[in-house]
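Some notes on the structure that comes next.
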Amino acid sequence: MARDIAAPPVPTNHQELISWVNEIAELTQPDAVVWCDGSEAEYERLCGELVEKGTFRKLDPIKRPNSYYAASDPTDVARVEDRTFICSAKEEDAGPTNHWKDPAEMRAIFTGDKGEGGLFRGSMRGRTMYVVPFCMGPLGSPLSALGVEITDSAYVAASMRTMTRMGQPVLDELGDEGFFVKAVHSVGAPLEPGQADVPWPCNSTKYISHFPEDREIWSYGSGYGGNALLGKKCYALRIASVMARDEGWLAEHMLVLKLTPPTGAPKYVAAAFPSACGKTNLAMLEPTISGWTVETIGDDIAWMRFGEDGRLYAINPEAGFFGVAPGTGEHTNANAMKTLWGNSVFTNVALTDDGDVWWEGMTEETPAHLTDWKGNDWTPESGTPAAHPNARFTTPAAQCPIIAPEWEDPRGVPISAILFGGRRATAVPLVTESFDWNHGVFLGANVASEKTAAAEGKVGELRRDPFAMLPFCGYNMGDYMGHWVDVAKDKDQSKLPKIYYVNWFRKDDAGRFVWPGFGENGRVLKWIVERLEGRADGVETPIGVLPTKESLDTDGLDLADADLEFLLSVDKEVWREEAALVPEHLNTFGDHTPAELWDQYRALVRRLG
């Protein structure tokens, strides 16, 4: 007999959704099913339950109102790229940079065979199953899309209220027959009757699996952020990139900012950098140059479609920031610090003795005593970080003091420039303008950076990260590069965004960062805007157009002339070596690499002589 646990009254007449919820309930066998309505009362109830369970600890209500601290299991602290699968019908559609598994084989691992076996069978026993309807993007926007996540984690249900538009309004928008992405999540820790729970349930077996043709996500064994908040990377990038390929738009790992000069109209800029290259810092920039202001649209993901006027329009599909805490402080990102005043959840940071949070880089002075993320006493002599390097904050975007008024405009904002960049100590100048769209795609295809703590791997290795999408592209990366070429083919080239490559991380022979970065990066944005308006000079080099020394505003900047020359130099010898690395990279994708990128490579070699 099927357990019709989601029987009426349910808050929707969407029969496909109701029967799917029943099907998952029958498979996972939860003790109860709760349809989330997204209300403030529900959020408070979930947080209260998490406090009772020991998952959450309420922070000092004066210092950090309505905010909580959570510590994960020490084995469940980051995205697990080696357990992340793209289960496309054909292996070549996943491509060489994704892990592929046959979809039928993967489904058998999850649901077993003929009603027996499978990781999800009975995985929610002893737990509550939450049905979490959510919208990526402003409700009602033609650029937005809907999803429903089924999860046995109250931490996930609560976090989804911050990170997405969630609850009853989404079910209302969905109607009786609307399309939604199906997302199933279990921490994989069923409870037997009388068995005590742990504060952070998870399983040593982990799968984060995507079924692109079915627009489905199944995640097992992890309660951590990107593995469990399935609206984020799983939907907004991996599944959405496939939707975008099929429908002629772009789903990208990009911040979006609004830049307003002292006179003239604002410009909207999108930028793609790999993890830990300063996306959030740039999205919330406080320019040091007088009269220029930056406002935030989004800090991590952009969905972009061409409008009827031929311009590319972007929305931020998220409603919150899920940021890396360490390194975020008054000096590096004052606006992020102001955003975190309250209504936030902090995971794997350190706790102060007076009931607040702390992490490396938050303050100039390190506290004399803390409780570290593993719950141990900590002092500056401990010799280990107090916060995990990938510790996170989850906070509402609406609290950002410089959130742009149009951040939720259903039409999106028109993008004038797209920036790519990585963390490169060598070769790559401060800023390079592409010659045209396809050359810009070539620059994006060659993004490279050092590995960071946001994924499990060694720190400091150089890794190619095309478009900063390597861990997030839901299909063959060669086809993805081809899609970037294709979307612009029939467009008015004069209306396409200009593409730039930036590098804040150039080092001299002594290992010193030559460019001061942070707020000074506004000077580079100023040059870009003036280029867009035809008011700034540039010099053609073999790799693209660079600022002349005079056209980059360095007034009031303590930067030696030799350093400026170094930042704006192209060493042909070094660049011949750099160019020699490109064929191996493009060959990775075989005949999926678009011919246009090989044309760009050959043109680069010719220009380098």
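Quick reminder: no glycine exception, Cβ is built from N, Cα and C everywhere.
The secondary structure of CYS277 (active site), as reduced to three states from DSSP, is coil rather than helix or strand. Taken from Swiss-Prot, the feature active site covers CYS277, and the record attributes it to sequence analysis.
In three-state terms derived from DSSP, TYR224 (substrate binding site) belongs to neither a helical nor a strand segment and is classed as coil. Cβ neighbour count for TYR224 (substrate binding site) (all protein chains, 10 Å cutoff from its Cβ): 25. Residues annotated as substrate binding site in Swiss-Prot: ARG79, TYR224, GLY225, GLY226, SER275, ASN390, ALA391, ARG392.
Sequence annotations record features per position, and here Swiss-Prot assigns Mn(2+) binding site to LYS233, HIS253, ASP300 based on sequence analysis. Within 10 Å of the C-beta of HIS253 (Mn(2+) binding site) we count 25 further C-beta atoms, all protein chains included. A coil conformation is recorded for HIS253 (Mn(2+) binding site) in the three-state DSSP classification, outside any helix or strand.
Secondary structure at GLU520 (GTP binding site), as computed by DSSP, is helix. Counted within 10 Å of its Cβ, the other Cβ atoms near GLU520 (GTP binding site) come to 19, all protein chains included. The GTP binding site annotation in Swiss-Prot covers ALA276, CYS277, GLY278, LYS279, THR280, ASN281, ARG392, ARG423, PHE518, GLY519, GLU520, ASN521.
Straight-line distance linking the Cα atoms of TYR224 (substrate binding site) and HIS253 (Mn(2+) binding site), rounded to a whole number, equals 19 Å.
Once the Cα atoms of ALA276, CYS277, GLY278, LYS279, THR280, ASN281, ARG392, ARG423, PHE518, GLY519, GLU520, ASN521, the listed binders of GTP, are compared pairwise, the greatest separation found is 26 Å. Binding of substrate is attributed in the record to ARG79, TYR224, GLY225, GLY226, SER275, ASN390, ALA391, ARG392, and the widest Cα separation among these residues amounts to 17 Å. A coil conformation is recorded for ASN390 (substrate binding site) in the three-state DSSP classification, outside any helix or strand. Here the binding-site residues are GLY225, GLY278, and the one whose Cβ sees the fewest other Cβ atoms within 10 Å is GLY278. Note on the recorded positions ALA276, CYS277, ALA391: the fewest other CB atoms within 10 A surround the CB of ALA276. Cα-Cα distance from SER275 (substrate binding site) to LYS233 (Mn(2+) binding site): 13 Å (rounded to the nearest whole number).
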